[in-house]
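As recorded in TrEMBL, the features of this protein are as follows:
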type	residues	note
TRANSMEM	29-58	transmembrane segment
TRANSMEM	70-90	transmembrane segment
TRANSMEM	96-116	transmembrane segment
TRANSMEM	181-202	transmembrane segment
TRANSMEM	208-229	transmembrane segment
TRANSMEM	325-344	transmembrane segment
TRANSMEM	364-386	transmembrane segment
TRANSMEM	407-425	transmembrane segment
TRANSMEM	445-466	transmembrane segment
TRANSMEM	486-509	transmembrane segment
TRANSMEM	529-550	transmembrane segment
Amino acid sequence: MAKTTESKLVPADIEASEMPDSMTKKGGFITLFFIAGTLSGVMLSGFGWLANLIVYLVQEFNVESINASQIANVVHGCINLLPILGAIIADSFLGSFQVAAISSFISLLGMILLILTAKLSSLKPPPCEIGSSFCRAPSKLQYVILYLSITTASAGLGGSQYTLATLGANQLDKPKDKETFFNWFFFTVNVSSIISSAIVYVEDSISWALGYTICFAANFIALAVFLAGQRFYRCDKPQGSQFTGLLRVVVAAVRKRKVALSSRSEDYYHEHCETSKVMPVTANRWFRFLNRAAMKTEGDIDSDGLIARPWKLCSLEQVENLRTVIRLVPIWSSGIFLITPVAIQSSIAVTQALSMDRHLGSNFKIPAASIIVVILVSSSFFVALFDRFVFPTWQKLTGRPLTLLQRIGIGHVIIVISMAISAMVESKRLKTIHDNKLEALPGAIVPMPVWWLFPQLVVIGIDDAFHFPGQTALYYHEFPASLRSIATAMVSLVVGIAFYVSTALVELIRKLTGWLPGNINSGRLDNLYWILVTAGALNFMYFLVCAKLYKCRNIEKEVDANSGFDI
């Protein structure tokens, strides 16, 4: 009887190796232990060198503080743009597992080069005292090796982080479980980054080479853990370049621009026959001209029913995939200036901390780069608080979950509040400088505790806890299944663009005003923060318009009947 039942479910001529992953026992929560361990090691290593990059450039390579901040912003931008390249390779050619493994190995090579720059005196300029105007700049060769090491380490970190997010989400089946996974994904990232502050302390207080060696060891262990879990993973199979399919829709629609649209489903090509019954052609009037790409005309289909001219005919499913991506672009674009203030804050806060009193007692001095840990602690705490208490309580009180769009919107409001606090704190710092007549002394320590920076950084952490998991889950659930790696990397892409925008904005303000000189003690950094407050408020209004249109198109909700998951 058991054999008869099995034969009805699975044909005898199908080998187990040919069965899809969803029909095997691979995947599930057991894989998350390996993925979490890998992510922890990768982020521990990555943030161990990245968080202290500004200080490394200033103290070891004699780079001016504002220039070091600009370089750090460019590096952050690269790290957050590279996941898109990794996602394209994962979805189209190699799969998430291979991309994550290769990226982790590349980051190992980057760490070796960074260790050499810290260990060998010939690879860096002679040291100079803080405040001295006679500091030797690095040679061209020293710059080349430095930038090569940073680029390689950045490529590895950028290629692995969000690829692990996609791989982890693919191990789970229920949308609610995937949403929870994204919350804890960012929690793991933040906690690992917090722990990496110990490495920052080693770099500042003991040895840069030792600190980078610890980063190398963490990366090596992460790669070993990741490979150890290979037999448990439910690996996604590459499906060729999905961007080619999206481009084909545009080309086909343009080539058939003179063809009259039809309201009959049978006039359109469907990838699967059964989808013609569940995908009405007139269901969505937005970008209806794209439907021409799926209209069947003479010569488009072979005698066997397959597409004969792929650049003149596409399936209606491919058209809907492109339409989905287009619909999300406005909301996605609003995230650029949501993160731009954070990008500016995260780098300039380090330079502010360098000029403030960082003593904790008489013997301990907080590393300037560790100030960013406040954001990570705040974000980690509030991610856990929101996931386990706030969001469930909200749903019990209102009968509806807080939607992903609402979470992102709250993030927009919070970032404006954070920039306003930053402006007021900087005004206080500048007043203290003026009262003590320290404007003309480069590198002078302002008699103002670094704790003054904490409130604005805590608020940024709350903002991150709202919008980062919200954006990642929104894109993952809305994007076509064939673009899942790209979906999770969309958040990384917007972060990367935001860092470049922040770099351009700071450079523009430096050229047009005298607010951001090399010595920030003689500048007007508070004016920059007030500009960010104004821009953030305008961007929030733009987001509200985008969110309203998103609802009007009737694509905002994707509710899972079992989990009650609501976008």
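The backbone N, Cα and C atoms fix where each Cβ goes, and this holds for glycine too.
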Contact yes or no, the transmembrane segment (529-550) and the transmembrane segment (325-344), 3+ Cβ pairs under 8 Å, gap 6+:
yes
Do the transmembrane segment (364-386) and the transmembrane segment (70-90) share at least 3 Cβ pairs closer than 8 Å, excluding pairs fewer than 6 residues apart in sequence?
no
Paired segments the transmembrane segment (96-116) and the transmembrane segment (29-58) in contact, 3+ CB pairs under 8 A:
yes
Are the transmembrane segment (29-58) and the transmembrane segment (208-229) close enough that 3 or more Cβ pairs fall under 8 Å, when only pairs 6 or more apart in sequence count?
yes
For the transmembrane segment (29-58), which recorded stretch in the set 70-90, 181-202, 407-425, 445-466, 486-509 gives the largest number of Cβ pairs separated by under 8 Å?
181-202
Using a Cβ cut-off under 8 Å, which residues of the same chain at least 6 positions beyond either end of the transmembrane segment (70-90) come close to it?
46, 50, 53-54, 57, 63, 96, 98-99, 103, 150-151, 154-155, 157-163, 166, 236, 238, 241, 243, 343-344, 346-347, 485-486, 488-490, 492-500, 502-503, 506-507
When you scan the chain for residues with a C-beta under 8 Å from the transmembrane segment (181-202), skipping those not six or more beyond its ends, what do you find?
32, 36, 39-49, 51-52, 161, 164-165, 168-169, 172, 210-211, 214-215, 367, 369-370, 373, 376-377, 379-380, 383-384, 386-387, 464-465, 468-469, 472-473, 476
